[in-house]
Amino acid sequence: MTSCHVTKDSIKKVAIFGGTHGNELTGVFLVKHWLENGTEIQRTGLEVKPFITNPRAVKKCTRYIDCDLNRVFDPENLGKKMSKDLPYEVRRAQEINHLFGPKDNEDSYDIIFDLHNTTSNMGCTLILEDSRNDFLIQMFHYIKTSLAPLPCYVYLIEHPSLKYATTRSIAKYPVEVGPQPQGVLRADILDQMRKMIEHALDFIHNFNEGKEFPPCAIEVYKIMEKVDYPRNENGDIAAIIHPNLQVTFAVSLKYSK
């Protein structure tokens, strides 16, 4: 995938979300740290706001309370009349949309980094939802180059008609990073995620300062098909993943344009 043009509009407002899923602790730890001391995430001329998205789930160290916060940022839920009868995460989504949106509006935050962990052995991963978004392609290239030799993967989940209802979707440039098992905090994963955010903010600062970025190419990964586990006549799983395959990360597909 190549990029040669970046939007001319400067980035003014950035949010960093942790705790969208309350048992994914790296983002929770980092956001709480930056709320106490945000010196390392501040950049001249840029508003950077760390934010705990689902505090009740964080307190209980569970994925969510009533429903998945990362699935309810759709027009139907965001447009519902505020009521105590609504699921907690729907009410929280409306609050977040008011603070950082509204979704699909020019007044919304420019970028939201939504910090996630996953049990999948994905390594450092950035999620791309639009292969035509030259700004994000350039940002991801900068992050990948800055992290080297540590690998950093780009996972493309682009869909021509699907409108995402994720927490980060209220921003103009949604981003997600990971991974790590739920309810666990690992120092190496925390350090990697911290560096990814640091490099991303450095890129934004350089962009706002007028630095020119030459055309670049990045390799992206995309799900080609889903393969179920072998199962016996009762439908029970009859195999586990081989150790040599446990470290692989889907099927790669390289784009050029």
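Quick reminder: no glycine exception, Cβ is built from N, Cα and C everywhere.
Feature list (source: TrEMBL):
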DOMAIN    11-204  domain 'Succinylglutamate desuccinylase/Aspartoacylase catalytic'
BINDING   His21, Glu24, His116  Zn(2+) binding site
ACT_SITE  Glu176  active site, proton donor/acceptor
- Query: At the Cα level, what's the spacing in Å between Glu24 (Zn(2+) binding site) and the residue listed as 'active site, proton donor/acceptor', rounded?
  - Reply: 13
- Between His21 (Zn(2+) binding site) and Glu176 (active site, proton donor/acceptor), what C-alpha distance do you get in Å? 13
- Query: Expressed to the nearest Å, what is the distance separating His116 (Zn(2+) binding site) and Glu176 (active site, proton donor/acceptor) at their Cα atoms?
  - Reply: 7
- Item | Other C-beta atoms that fall within 10 angstroms of the C-beta of Glu176 (active site, proton donor/acceptor) | 24
- Task: Give the number of CB atoms, excluding that of Glu24 (Zn(2+) binding site) itself, located within 10 Å of its CB.
- Result: 26
- Averaged pLDDT score, the domain 'Succinylglutamate desuccinylase/Aspartoacylase catalytic' (11-204): 91
- Message: Let's check the environment of His116 (Zn(2+) binding site): how many other CB atoms sit within 10 Å of its CB?
- Response: 24
